[in-house]
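A.B. asks: One structure is given below, represented as structure tokens, and several questions about it will come after.
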Amino acid sequence: MYGLIKFGQQKVVIRLSINGNDKKSRSKAFKIAVSQPGVNSAAMKGGENNQLEVEGEQIDAAVLTKLLRKKLKKGAELLSFGPIDKKDGDKKDDPKIELVPMMQWPSNNYYPYHVVPQYPFYESYVVYLGEHSHGKEATSIDFDRVMNFHHEFLGSHLGSIEKAKDAIFYSYTRHINGFAAILEDEEAAELSKHPNVVSIFLNKGKELHTTRSWNFLGLEHEGKIPKSSLWKKARFGEDIIIGNIDSGVWPESESFSDEGMGPIPSRWKGTCQTGSDPTFHCNRKLIGARYFIKGFAAEAGALVTSKFYTPRDTLGHGSHTLSTAGGNFVEGANIFGYGNGTAKGGSPRARVAAYKACWPPIIPSDSCTDADVLAAFDMAIHDGVDVLSVSMGGLPVPYAQDSIAIGSFHAIKHGIVVVTSGGNSGAYPGTITNTAPWLITVGASTIDREFSSYIVLGNNKHYRGVSLSSKALPEGKSFPIITGASAKVANATAQEANFCIEGTLDPKKAKGTILVCHRGGSPVFNKCTQATSVGAVGIVILNSAFFGNEMYAEPYLCPATHISYSDGLQVSSYVNSTRKATAYITRPTTELGMKPAPVMAAFSSIGPNRVTPEILKPDITAPGVSILAAYTGVQGPTETDLDNRRVKFNTMTGTSMSCPHVAGVVGLLKTLHPTWSPAAIKSAIMTSARTRDNTINPMTNSTHLKASPFAYGSGHIWPNRAMDPGLVYDLTINDYMNFLCAQGYNETQISFFTQGHFKCPDPISFSNLNLPSITVPKLKGSIVVTRTLKNVGSPGTYKAHIRSPIGITVVVEPNTLEFKKIGEEKSFKITLKVKGHKAPKDYVFGHLIWSDNKHYVRSPIVVKVTKNVR
């Protein structure tokens, strides 16, 4: 079977103002064409090879022509557009199209549209060469030398230094050694064979993973800060520098006011890069800002204009995450009067710096490109940040092809703790991202605050939902309530109408009613827009079974409330069984002390780790649902074009929000314990975490089922316990090198990370990496795992307490450890053995706690048995 799909009924011919020998423009034109809806094939023809012929179904010829002009920055003239009659597989007069058997399609899906051009594709690539030989005191002379080397190195492959200069759009010159360049696929393949190249990978896009929370975490109590709070002990993170790689910053936000801040620390080497925005400014709080756009521009082309060239945040995401990690105290923070209180970041007296590497998603999946992210890491290390918060991620890939894994590895070498989000791909096994062991990867869970809005039915039954709607129904007035399906137009399905999708609702049926809309099918904000456009007075959003009882309070543009799956069944039953059913939606109110909390968010990605199953991910969970923090001034809170409201603070939901909570706590711990390594800080956070909610029951997920370490890692962060963990599992950079050996990287490759010879140990084992968790994904019979503990507290004798996973025997030797001084280290062995012949089929969970009756150093144990094959 061949991969050329059936030709459609239309042909579009567009003449391009390009030279026939301009292979780069021809390749780009082809790529643009086949990415458009309905296009089945494309080819460059004509006497000058500048005529683009496109075939398919329902092609928007005008849109395609306009897009070509924008992206190529060249003329494009629509010559003809009309029907065709061409048989499937006919190749006559079509020399640029080649039929390819499906089994031979490239595994990396370079050509997902079933046609392969016979001229090469130009793509943007990242070429990673390891670490630089120059040290911290490097000068511009060293940086120029590196750039010249990159030009010479690539020039030796392309034929000249001039070609290399044209191709390279980033040289990573500070700490990360490498460059990003536009290359033909064959050039990239040839370059990857060079012994000095650690890895080469496409400049892919990563996506952003998008008040009360600090009270919930115990740092304050009813607006007051106890003497025992980590905030007071760590001086609110005073003068720690937190960097944020994200969508930039809104500098005018009060969260970035420098009131009460002293002089900028002299160790800071960063800058305030204003770009094309003369109004952008930094101060003693927001001490630095940079933007990185070349990787994005390499993909978006002419769609990138001069207005992009600024670190100013137009999305709101970067301002929100940065203020959550290190925002200053702001009294009276709220959204439409809800959640009113004093906003502050985890380290409110920290200095902050914004590294903008994420841009408006004008092209799919390319919001934050690898080339830009790596450039941001390189400069953040150079500038002197102490903590990096990175609320983004992509699909799990090998670490040497992952810009976040590479950048964070170099950051760790300089003592910088890197905190990342785990992803919002839902509770499906193996969706967790940012899986490198040197990262702190964060899941998302709820807090005990809800913005409650009740649906009151005509039978006097009340069901609690959540909302942040700025509009409300007349007090106490009920309206007819109907399902979306009851208001559908003739050509819509009941399912489409129940989702309240655009064009499915009949104004004659919907006018004056409250519409019941199901979650899914379209963004929740759009449901409000569609309902009001057909005359409905409000909406009730019903959860699906998958989301269970997890609800999000959103700033709807109409009276609305979002209710749980179980309550939704009751509301649906009433509406469907009652003639002239009525309802009323109450105005939202802020309710505190809600139970149970925390609950794992349904969207939060879970393990196991697909890259290295022996490494448990996520590491920790933190608040990530309906988090109130600073926002941009140029976009409405719903992020839609129809929303002309402007707010100083907004609620957002995602692991993007939980990540900076942990980064803020890291800032406090670095202030309190400046000599602790990144691994020690990670260990303190993980081993002190809690796994029970505020009802003293085990944490659950959104469907009330018991959650596991694949959802929450070690548990929910508990900052006040993390400041005095008693013992830590520490790691050095050499331990991570040994891990890379176990990953299959050879000594030559690893030597590029260290600028010196490195010898891999023999034997090597993933399981013995000194992490605060123990994961054995393929247990055959038994295994012995080694760990080492370092005393960071008072002298004491610790005893081991074990909760064995079902079907597994766990023995710790020795089971008592005595520590007489700070810094003393003790090792122990854990033997895990399958009980009998009835081994569990799936992953099972337990834990190990070392305790001196004051400290409780807890490590999760995760095991899956692999049966022997005879």
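These residue numbers are counts, starting from 1, taken along the chain as shown.
Glycine is treated like the rest: Cβ placed from N, Cα and C.
Sequence annotations record features per position, and here TrEMBL assigns domain 'Inhibitor I9' to 124-209. According to TrEMBL, the feature domain 'Peptidase S8/S53' maps to 237-700. Positions annotated as active site, charge relay system by TrEMBL: Asp246, His317, Ser656. Among the features that TrEMBL reports, domain 'PA' is placed at 499-570. If you look up TrEMBL, you'll see 768-863 marked as domain 'Subtilisin-like protease fibronectin type-III'.
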A.B. asks: Taking DSSP as the reference, which of helix, strand or coil describes Asp246 (active site, charge relay system)?
C.D. replies: strand
A.B. asks: With DSSP helix as H/G/I and strand as E/B, how many residues of the domain 'Subtilisin-like protease fibronectin type-III' (768-863) fall in helix, strand and coil?
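C.D. replies: Counting residues by DSSP class gives 0 helix, 60 strand, 36 coil.
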A.B. asks: How many helix, strand and coil residues does the domain 'PA' (499-570) contain under DSSP?
C.D. replies: 20 helix, 15 strand, 37 coil
A.B. asks: Between Asp246 (active site, charge relay system) and His317 (active site, charge relay system), what is the CA-CA distance rounded to a whole number of Å?
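C.D. replies: Checking the Cα atoms of Asp246 (active site, charge relay system) and His317 (active site, charge relay system) gives a distance of 7 Å.
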A.B. asks: With DSSP as the yardstick, break the domain 'Inhibitor I9' (124-209) down into helix, strand and coil residue counts.
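C.D. replies: Residue counts in helix, strand and coil order: 33 helix, 30 strand, 23 coil.
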A.B. asks: Rounded to the nearest Å, what's the C-alpha distance separating Ser656 (active site, charge relay system) and His317 (active site, charge relay system)? Just drop the number here, would you?
C.D. replies: 8
A.B. asks: Give me the count of other Cβ atoms within 10 A of the Cβ belonging to His317 (active site, charge relay system).
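C.D. replies: A count of 26.
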